[in-house]
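Working notes for the structure below.
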């Protein structure tokens with residue numbers, strides 16, 4: 001398993017004494033070459049899991065490993081490409097400089113990075129702004145640069161937090177194509193989204209998260225066979241969970 | 001954090017801690033002897049420019065200059081002539097920037113005339129404070145004292161005290177001292193009173209000793225003068241020397257002058273000390 | 001070292017391309033022109049005044065860079081989450097701290113060199129105009145050492161700024177704390193000297209003050225402006241110890257920053 005999460009729990013302090021779990025005893029394994037969609041309502045804990053995988057925050061309990069390396073070890077991040085939700089960069093740098101930084105920190109060869117930069121920027125339709133500072137970019141362009149930075153070192157695992165947000169239909173199409181490309185090349189993609197159609201189209205497997213707990217984890221094909229597809233199932237699962245375990249009535253998931 | 005990293009970090013920490021500790025102590029020791037600081041702030045700035053530079057921070061700059069002077073004096077037991085000049089300069093600058101500040105003239109009066117013999121400089125600062133602090137009788141009182149004690153100029157002292165006595169809240173004795181200082185009669189008594197008054201209001205031990213010494217001298221001189229007056233009443237002439245008073249039994253002994261020189265009799269029959 | 005250097009490089013670039021630094025450098029240039037006029041207003045010791053002003057200008061500009069840019073560069077990483085583009089890479093937390101610090105001090109070092117050049121130029125002109133006031137033992141070497149020590153003082157403040165930003169969530173508070181530390185560092189020696197001469201302070205206060213001298217850096221030890229101005233002899237031993245003192249202090253603060261930052265969650 002390329003990503004292995006075991007009994008992961010993360011408590012957040014809420015007020016002086018009370019604590020709420022953002023992630024509650026989560027166990028999840030993702031195989032090499034899989035495209036995994038991570039689904040859940042806002043605040044379900046998707047981003048928290050991703051941040052633990054990148055060691056931005058530490059788990060309260062449980063472990064997470066990438067390629068068998070605990071995420072606390074910086075080496076684990078050598079094989080990860082990460083796109084944050086709403087990425088920001090150093091404004092005064094150019095796309096080329098940022099991507100060079102990304103490639104060099106992954107210990108790539110300088111010439112190789114140059115080629116890779118041109119190739120990626122062309123693919124993402126950013127070649128014309130290669131030497132422009134990021135501050136002149138539009139929001140969608142920044143998002144695409146974020147994707148380029150995630151992919152610069154051709155990582156084995158790609159972790160994308162809401163990769164489609166802030167993109168126009170053309171941009172979304174670009175990202176979708178890139179993800180499909182990675183699948184073809186045997187890369188693993190782990191991405192969170194609430195755009196269900198994207199997940200349906202791209203993923204081999206989905207995990208549905210609510211209040212830090214995994215409600216469902218399985219193949220998309222079996223889902224689509226059932227009536228109503230992913231959307232209906234998602235809403236049903238979340239509503240059911242809210243009713244049964246949290247005593248709340250949710251109109252919409 | 002991996003264990004190896006932690007130990008590396010920890011040993012680096014210990015290394016820097018030791019380096020810092022030793023260097024800190026060495027630097028503190030070495031800098032005890034250095035006093036460049038004073039030259040920095042006693043830069044030869046014309047006061048008007050200083051005032052312009054300070055802008056709205058005149059008060060703060062004045063406080064800072066005063067702090068510099070005070071810290072220098074706190075650390076230096078034996079400043080030389082040049083350094084005393086710098087201290088006087090700092091106090092002068094501070095006083096120009098904030099002529100209302102009491103601390104300035106109190107420090108100036110407490111230090112400059114006593115240790116550095118800078119009487120004119122002290123009186124300049126005091127006069128500035130006196131002009132601005134119209135509610136405060138002390139600067140005037142100090143001016144009078146300096147004229148009296150350091151310049152031995154009784155009429156100037158009397159004038160200053162008289163002026164100080166007009167300030168509301170001034171002790172009534174100021175006027176008495178002023179009038180008596182002006183007349184030749186009663187000079188000694190008023191000098192003793194004046195010194196006693198100053199002695200009471202002084203906290204500095206060194207200055208108290210000096211004042212006490214002067215009081216003893218004046219008291220002794222006063223007794224000798226009384227004997228001289230008695231002699232001239234009796235014999236219709238002035239004694240040739242103080243020893244003559246002993247010979248005629250008007251005094252039992254000539255007291256030791258605390259200033260380590262003998263009391264003498266001037267030609268016009270005044271006892272000098 | 002590779003990772004640290006890569007981060008230092010982009011931090012440096014991000015810093016020097018900012019318009020604020022251009023503004024500060026321009027301001028320093030204007031000040032050095034002003035120095036020429038200003039020094040003429042003095043009646044004596046002209047060259048000393050110009051050296052004083054020139055070196056003070058370097059310190060002020062350096063502080064402005066730290067306070068207006070350095071702290072911003074550090075805290076923006078957390079506030080805008082630009083830190084993700086760095087620590088999502090195979091870069092350890094301690095590498096992040098050192099890389100960021102290195103980038104900042106490169107930026108400050110280049111600025112100090114440029115402004116120091118302006119300052120030296122204006123001093124040179126004054127000395128040319130008023131040769132009578134050049135101190136007999138004036139030395140450009142000591143001027144240079146004094147510049148280096150100004151830089152050391154700025155390095156200390158930068159390390160403290162980084163420590164406070166990695167501890168505080170608000171950049172505003174970090175800025176305030178850094179400013180406080182700077183003022184305490186400048187004045188702690190004077191205050192202690194002043195108190196050592198008088199007896200009417202409580203033991204508690206004395207201990208407190210002693211503790212302050214250990215916690216905060218004695219920045220006045222790095223102030224050689226007067227020595228440079230008057231061309232006074234520079235005591236080699238005490239200069240070396242002052243430098244070691246600064247290096248030791250910076251080392252400690254950086255390691256503490258690493259410890260704090262290791263524990264920090266970047267959520």
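Backbone N, Cα and C atoms are what each Cβ position is placed from, and that goes for glycine too.
Annotations in TrEMBL come from automatic prediction, not curation.
Note that the structure is predicted; figures quoted are calculated from it, not measured.
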Which stretch, out of C:218-239, C:240-261, is listed as transmembrane segment by TrEMBL? C:240-261
With the transmembrane segment (C:240-261) as the reference, which stretch in C:96-120, C:140-160, C:167-185 has the largest tally of C-beta pairs below 8 Å? C:140-160
Contacting positions for the transmembrane segment (C:140-160) when only residues 6+ beyond its ends and CB under 8 Å are counted: 51, 55, 58-59, 62-63, 66, 70, 101, 104-105, 108-109, 112, 116, 119-120, 123, 177-178, 181-182, 185, 217, 219, 222-225, 227-228, 231, 234, 239, 242-243, 246-247, 249-250, 253-254, 257
Cβ pairs under 8 Å with the transmembrane segment (C:54-75): which stretch of C:20-42, C:96-120, C:167-185 has the most? C:96-120
Near the transmembrane segment (C:20-42), which residues from the same chain, at least 6 beyond its ends, have a CB less than 8 A from one of its CBs? 49-50, 53-54, 57-58, 61, 64-65, 68-69, 107, 111, 114-115, 118-119, 121-123, 125-126
